[in-house]
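> Before anything else, here's the structure in question.
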Amino acid sequence: MTQVLAIMVLPLFLLAGIVAAAVLDRAVPPLVAGRSLKASFVGPITVASSRAMGQTGATEHPDTISWILAPILYFTLAAIGLSVVPFAPGVVAADLDAGIVLWGACESLTVVAVFLHGWSANSPLPLIGAYRYVAIGLPAMLLSMFVLIAAALPAQSLAVTDIVEAQRSVWNIVRQPAGFVLFLMLGLSLSLRGPFDFADPYDLAGGTTAEISGAARLTWWLARLAMLVSVSAMTATVFLGGYLGPVLPGFVWLVVKTGLVLVVLVGAGEVFARLPPDRMMNLIWLALLPLSFLMLVAVGVELLLWG
Amino acid sequence: MAIAILRRLAGAAPAPAFPAIGAGMRAAADDLFLDGRLIRADSIRHARILLVAGPVREADQDDIRRLHDQMLHPRATLWWKSNPVRDFAEPATCDEDDPVAAIEAIHRALIEGARDSEPDILPNEPPNPWRGKGDYGQGGEGMMGGTPYGRPMAMTDDDLRDGLALDAYTAPFGPFLPMLPPGLKLSVTLQGDVIQTAKLLRPPSAQAEAYDGTVTALRALGRFLPILGLEAHAVRCLEAARSLSAGKPIELAKIRQFLFWSGALAAIPSGIGMVEDTDVRMRVERWLAALDESPTGGLDGSATMSPLKPARLVDLLRGREWSEAILIVNSFDTDTLISLAPVEAEDAETEGRAREDGIRMDHEGHGTHAHGATGT
């Protein structure tokens with residue numbers, strides 16, 4: 001019964017999250033640019049309507065099926081990833097013993113979805129965006145695996161529900177603060193944002209989106225926002241205790257924490273500079289991956305000594 | 001009913017316009033898109049209105065036609081302080097300093113169906129039929145390489161950096177790509193995102209932007225920062241430049257502080273785009289230093305705007321990743337960039353080579369609007 005409830009809540013959670021993310025996307029850049037706050041629900045709806053009314057467009061000999069499927073796959077991965085997040089005690093759409101592994105699979109397949117999106121346009125700049133994303137996405141996913149294993153160690157379980165329950169004494173953000181930051185970076189990478197937007201950046205005229213318009217662009221935009229919501233909920237669950245919190249119902253706590261992470265990710269996407277891909281590769285392989293491994297070792301040692 | 005609501009909502013959205021910028025209009029176009037009623041489209045595919053700003057060089061006229069046809073329906077063109085080129089039926093023009101109202105009106109009319117979407121100008125067909133190896137210079141080996149249908153096709157070649165054999169692909173980029181200075185057109189051979197060779201097809205359009213110390217630095221930052229993903233910071237810089245030009249006081253220290261914390265300088269690789277012992281990072285540092293100085297005296301204009309005959313832009317780009325190359329190109333002002341592009345020598349070489357491999361004539365000459373938009 002609770003699983004049915006979770007399955008019903010999931011699309012509503014995703015929809016509300018997408019709306020919130022779209023509003024933040026309109027509100028945060030003007031703030032960073034020193035303009036007045038313009039938070040509006042109508043703004044994103046008008047832009048979405050404008051995109052819905054345009055032609056989808058085509059290039060010469062695109063891989064049409066992949067081009068159509070890529071945003072659907074991306075959106076689906078966001079929804080599947082969210083399915084392992086418990087909304088409240090016992091309320092989870094996919095209460096798997098290896099929920100973290102399912103999330104990891106969604107992360108990895110995101111690389112495939114984004115690559116397909118760039119590849120199938122049969123055009124140089126989208127293809128470069130696709131190449132780049134694979135180059136950066138693969139080590140970023142590796143990094144995430146170390147971070148998630150370190151988060152799962154205290155729970156001695158790969159089930160996301162157990163990871164939340166193991167945070168009753170101390171949240172994982174306290175146990176591995178660097179892991180939290182690394183997971184936020186992964187969130188930027190999964191949702192193609194700011195310093196980790198190597199697929200759809202300005203220097204590639206929109207990268208994998210450079211050749212699309214109309215409904216195709218609208219779908220890709222929604223999929224990106226869905227992934228942002230999904231990774232925000234996962235971050236809140238794995239590092240901020242998920243539904244745990246005093247007084248308020250568990251679901252409210254999850255919403256509040258997810259919203260907080262959403263704000264941080266949207267803000268970070270506007271505030272920090274993006275390194276050229278080669279420098280980013282060096283940073284991930286030579287600094288961030290060893291750091292994530294050290295965090296894993298540190299959590300292991302802590303549990304051995306005081307666990 | 002639903003369509004009517006959708007139309008009303010879409011009509012209220014900011015108008016997505018793609019600027020094709022001609023001579024002397026770059027700063028005006030930058031200022032124009034600070035207006036919240038417009039969206040500056042990164043790609044022509046994202047635009048509903050093609051905004052041709054300023055006079056278009058004769059050599060760029062075919063690119064304008066192709067750009068127009070790559071825009072999706074419903075679409076329109078507005079010629080802002082520009083003379084419409086041939087083949088555009090019933091062109092809309094605007095000679096006012098602020099064309100926002102005209103753009104908005106066209107956008108709304110397109111959405112409401114009160115204005116017809118503009119038809120194609122070029123025929124939607126390959127520039128020449130498939131003939132295999134032969135007169136059209138397709139070349140290549142087996143199923144790879146050459147320019148079948150006039151389109152360059154990837155061909156295995158050794159990578160510059162490590163000799164690894166990868167697929168090399170040659171395509172023209174510009175003259176209206178948003179991340180390149182207006183008018184600059186290059187023929188680039190890429191392996192992955194690494195530039196193997198670059199040839200100058202056309203230099204940037206002259207902009208005649210007067211050197212103005214801090215304002216110049218702010219404008220340069222406003223064009224450079226989006227490459228690092230700092231679009232909001234870029235807007236802050238461009239707004240500051242506009243305010244300063246109008247004589248309004250601004251907080252330069254705040255801008256510098258924000259940019260410091262963004263990690264913009266650290267993100268730029270050192271040693272790229274080296275000209276006269278100054279690399280990209282140093283040139284950006286000069287802009288930032290100018291924010292600390294008096295409004296007109298901070299930037300050493302002579303150091304960045306003097307003719308640099310010994311260096312060639314195409315040499316600076318060779319072996320660089322795409323994003324590094326874009327950083328290099330945008331670290332120079334237009335005048336310096338023109339001096340780095342020795343047109344006479346390059347033109348002779350390029351025209352000859354283009355005829356030889358069929359790129360220029362075949363890839364650009366005729367109906368190509370179904371092909372990738374990003375090249376223009």
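Every residue gets a Cβ built from N, Cα and C, even glycine.
Because TrEMBL annotations are produced automatically, they should be read as predictions rather than curated entries.
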> What range among A:15-35, A:225-245 does TrEMBL record as transmembrane segment?
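So the range that TrEMBL calls transmembrane segment is A:225-245.
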> Could you give the residue numbers and ranges of same-chain residues that sit at least 6 residues beyond the transmembrane segment (A:173-192) on either side and whose C-beta is under 8 angstroms from one of its C-beta atoms?
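For the transmembrane segment (A:173-192), the list is 107, 110, 114, 133, 136-137, 140-141, 143-144, 147-148, 150-151, 154, 198-200, 224-225, 227-228, 231-232, 235, 238-240, 261, 264-265, 268-269, 288, 291-292, 295, 298-299, 302.
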> Can you tell me which of A:100-119, A:225-245, A:251-272, A:284-306 gets the most C-beta pairs within less than 8 Å of the transmembrane segment (A:131-153)?
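By Cβ pairs under 8 Å, A:284-306 leads among A:100-119, A:225-245, A:251-272, A:284-306.
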> Looking only at residues six or more beyond either end of the transmembrane segment (A:100-119), which have a C-beta under 8 A from one in the stretch?
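For the transmembrane segment (A:100-119), the far contacts come to 63, 66-67, 69-71, 73-74, 77-78, 80-81, 83-84, 94, 126-131, 133-134, 137-138, 141, 144-145, 148-149, 151-152, 158-160, 163, 186, 190, 192, 199, 207-209, 220, 223, 227, 230, 234.
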